[in-house]
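Have a look at the structure below, then the notes.
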Amino acid sequence: MNKAIEIENVNKSYGDVRALEDVNLTIEQGEFFGLLGPNGAGKSTLIGVLGGLVNKDSGQVTVLGNDVVQNYRKTKKSLGIVPQEVVFDPYFNVRETLEIQSGYFGVKDNGERIDEVLDALGLKYKEDTNIRGLSGGMKRRLLIAKALVHDPDIIVLDEPTAGVDVELRKSLWDYVIKLNEQGKTIILTTHYLEEAEQLCDRIAILNKGRVVAVDQKEELIKRIDKKVIEVKLQHKPNNIEELFPTAANIEWTDTNKLKLETTRGNVISLLDKIQNSSLEIVDIDVNSAKLEDVFMKLTSLGGEENE
Amino acid sequence: MSDLITFYSLVKREIWRFSKVAIQTVFAPLISTSLYLIIFSYSFRSREVAEYGIDYIKFIVPGLIMMSLIQNSFANTSSSLIVAKYQGSIVDLLLAPFSYMQLTLGLMIGGIARGLVVGLAIYLIATFFYSGAVYSVGLFILFSFLISGIFSLFGIIAGLWAEKFDHISIFSNFFITPLTFLSGVFYSVKNLPGIWSKVSLFNPVFYMIDMARYAFVGISDAKLSLSITIVGTLFIVLFFLTTYLFKIGYKIKD
Ligand SMILES: Nc1ncnc2c1ncn2[C@@H]1O[C@H](COP(=O)(O)OP(=O)(O)OP(=O)(O)O)[C@@H](O)[C@H]1O
Ligand SMILES: [Mg+2]
């Protein structure tokens, strides 16, 4: 089976800015893939290369086995890209926009599919509204709808939930998960790391144009050896710093919680110590590292660990 | 099949766009050209163009039709593109599976459609001012397609090159309007004093107006075969240039 996306040694510079530097990535069909990175990491540039919005300087990119330069008509057909910037064609209403869009991708009489997408995105009641008359969040929903009307095999969402309200965010994710279960490949960029952590199977982290990590989500998180113990207490103990010398980053919160950071290997012994102390314990929680911890480590200054 | 739908949809979108703003795109140009017709037919009543042996009004009708064709075809493609660039909806064209030639053809046909709609309407209005006779309808239609095609292509190039609306007016105010006014829409260039009559021969719009007038009244200043060669070559060159600009993503791809 062809890979959904294969990116080999792709480079792109804007003047002195190296937006993409020797990027290599392979995405399998049917994956829910996260493309993460701080502002300016090169995510949108990479998506632009996929969709034919950006001319790369070197390297090769294929979509379902077809080259995005030589075979651009095929690759564009199998992609549904939601651009990051909200753009709109001011002459048409919502439904007309989606009809034109379907036609562009070679689909005629697409009413049923358009209805489905409008429903899923909560835009049905605005179908006769001119785009100028949509709120910002609705314009973004339309942007998503446009990418989906031709039922593409690979759906690329460049920060689809920026400016979208909580309710729609939830229904959008339900719909995208459904599409993924039907076998569609999903590529998502987002700055909401919790969303990515919940949704994605595999994640690539970009920093300054380079891929600094690609792995299964769980594996990525495992790289951070960190456990956070939260102990809710009746009273604030004195000298909290001295109580547990093996713990790091000891903190007392307003909600009467003592927060202790430790490593996986030390978590049991630390819990023992807490139990055997004279503290009046109300509740105990143990949390593992989060995607955010990995993200911070790989993208913050000095954390330039390369794979 | 789906390829045809793709192409057809672009043409449909282009025509739909200008139809939605028909007041500006179709009716406004009709008013200005009708004013020309009224003023000229009143001022030059019973005046003849000696070289042609026809009424002045009949002489200028093909020129006026071509002038509107030129302006409207150019305006259609250039504003369609500059608005798309300005609003960002140009990405719709870039993300969709159009071949580069389809982009050129699709936008061009949109421009031709608007040019022909306005041109036809002007012809109909003109029949109030003269008999309405046309020497060769077939040739006139053919030349109309060719000439509005050329200016649709020009409009695409201008739209790609322009970074803001002002840049489009530079194109039309500094090139199209002077070249059209100096092309013999309102006079026979044979009437011009020596040097100017020669200079006109370097103006491609002169050949367009001249060949259109030939199709209209059966007489022309230049040889028809020369005009067809010049205008046809220009069309082909612009067509491939435009397609090439789409291919390299001139000012639309990063
Ligand atoms: N058209 C352009 N001209 C010049 N520089 C550009 C252009 N587009 C992007 N860049 C630069 O390329 C780098 C990568 O930008 P890109 O938009 O890909 O980042 P991103 O990861 O999508 O960021 P964000 O999370 O903010 O969307 C940035 O340094 C940006 O300034
Ligand atoms: Mg981006």
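Glycine too: its Cβ is placed from the backbone N, Cα and C atoms.
Sequence annotations record features per position, and here TrEMBL assigns domain 'ABC transmembrane type-2' to B:20-249.
TrEMBL lists B:21-44 (among others) with the feature transmembrane segment.
Look at TrEMBL and you will find B:56-75 (among others) tagged as transmembrane segment.
What TrEMBL lists as transmembrane segment is B:82-101 (among others). With a threshold of 8 Å between CB atoms, the same-chain residues lying at least 6 positions outside the transmembrane segment (B:82-101) that come near it are 6-7, 10, 159, 162-165, 167-168, 243-244, 246-247, 249, 252-253.
Long-range Cβ contacts of the transmembrane segment (B:107-130) within its own chain (Cβ-Cβ under 8 Å, at least 6 residues beyond either end) map to 10-11, 13-15, 17-18, 25-26, 29-30, 33-34, 37, 41, 55, 57-58, 61, 64-66, 68-70, 72-77, 80-81, 144-145, 147-149, 151-153, 155-156, 239, 242. Among the features that TrEMBL reports, transmembrane segment is placed at B:107-130 (among others).
Marked as transmembrane segment by TrEMBL: B:137-162 (among others).
Per TrEMBL, the feature transmembrane segment maps to B:168-189 (among others).
Taking Cβ pairs closer than 8 Å, the transmembrane segment (B:226-246) reaches residues 100-101, 103-104, 108, 143, 146-147, 149-150, 153-154, 156-157, 160, 204, 207-208, 210-211, 214, 220 in its own chain, all 6 or more past its ends. Sequence annotations record features per position, and here TrEMBL assigns transmembrane segment to B:226-246 (among others).
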